[in-house]
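If you check TrEMBL, you get these features:
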{"type": "ACT_SITE", "residues": "HIS117", "note": "active site, pros-phosphohistidine intermediate"}
{"type": "BINDING", "residues": "LYS10, PHE59, ARG87, THR93, ARG104, ASN114", "note": "ATP binding site"}
{"type": "DOMAIN", "residues": "2-137", "note": "domain 'Nucleoside diphosphate kinase-like'"}
Amino acid sequence: MSERTLVLLKPDAVRRGLIGEIIGRIERKAGWTISALELRSLDQATLEQHYGEHQGKPFYEPLVAFMSSGPVVALVVEGERVIEGVRALAGPTDPIAAAPGSIRGDFGVIVRENLIHASDSAESAERELKIFFPAAV
Ligand code: RTP
Ligand code: MG
């Protein structure tokens with residue numbers, strides 16, 4: 001079934017010059033299309049909405065500080081089972097646990113700076129797309 005997902009290339013990916021590398025991996029997946037793309041800086045209100053589920057956890061404050069430490073690239077990716085698919089390309093949250101060949105496994109260093117966000121379910125995708133690309137929803 002064709003779906004849409006929200007992808008963020010986090011500030012570490014932008015700083016380290018990995019935008020092309022990561023987008024290239026998404027583009028090479030046959031049948032997926034990038035339907036929106038923007039370089040932008042995230043304010044506190046946007047981050048609170050986006051990562052609200054993690055408010056109160058010990059990693060929340062450092063996560064928000066990291067996510068506002070530089071611009072991110074926000075993308076909408078469309079295609080067959082793309083929600084599950086981009087999560088698989090990204091690999092597990094902790095780069096040490098992520099297999100070589102995955103984005104986090106190849107380039108990740110620590111759990112917070114893990115290069116990429118991808119919506120984790122259809123419900124999350126719908127919620128996050130409204131935050132980042134309200135005109136496209
Ligand atoms: P994301 O939401 O960014 O796509 O990542 P995820 O689903 O794989 O991981 P999640 O549990 O939702 O955590 C969100 C982001 O918070 C940072 N994090 N730091 N223990 C820690 O220091 C810790 N745990 C999570 C990561 O940047 C993670 O991607
Ligand atoms: Mg998550």
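Even glycines carry a Cβ here, placed using N, Cα and C.
Remember, TrEMBL labels are computer predictions, not curated facts.
Mapped onto three states, the DSSP output places PHE59 (ATP binding site) in coil. With a cut-off of 8 Å between CB atoms and residues at least 6 apart in sequence, the same chain places LYS10, ASP12, ALA90, THR93, ASP94, PRO95, ARG104, GLY108 near ASN114 (ATP binding site), listed in sequence order.
The 6 Å Cβ screen around ligand 1 retains nothing from the binding-site residues LYS10, ARG87, ARG104.
Counting neighbouring Cβ atoms within 10 Å of each of the recorded positions (LYS10, ARG87, ARG104, HIS117), the lowest count belongs to ARG87. You'll find the Cα of PHE59 (ATP binding site) roughly 16 Å from the Cα of HIS117 (active site, pros-phosphohistidine intermediate).
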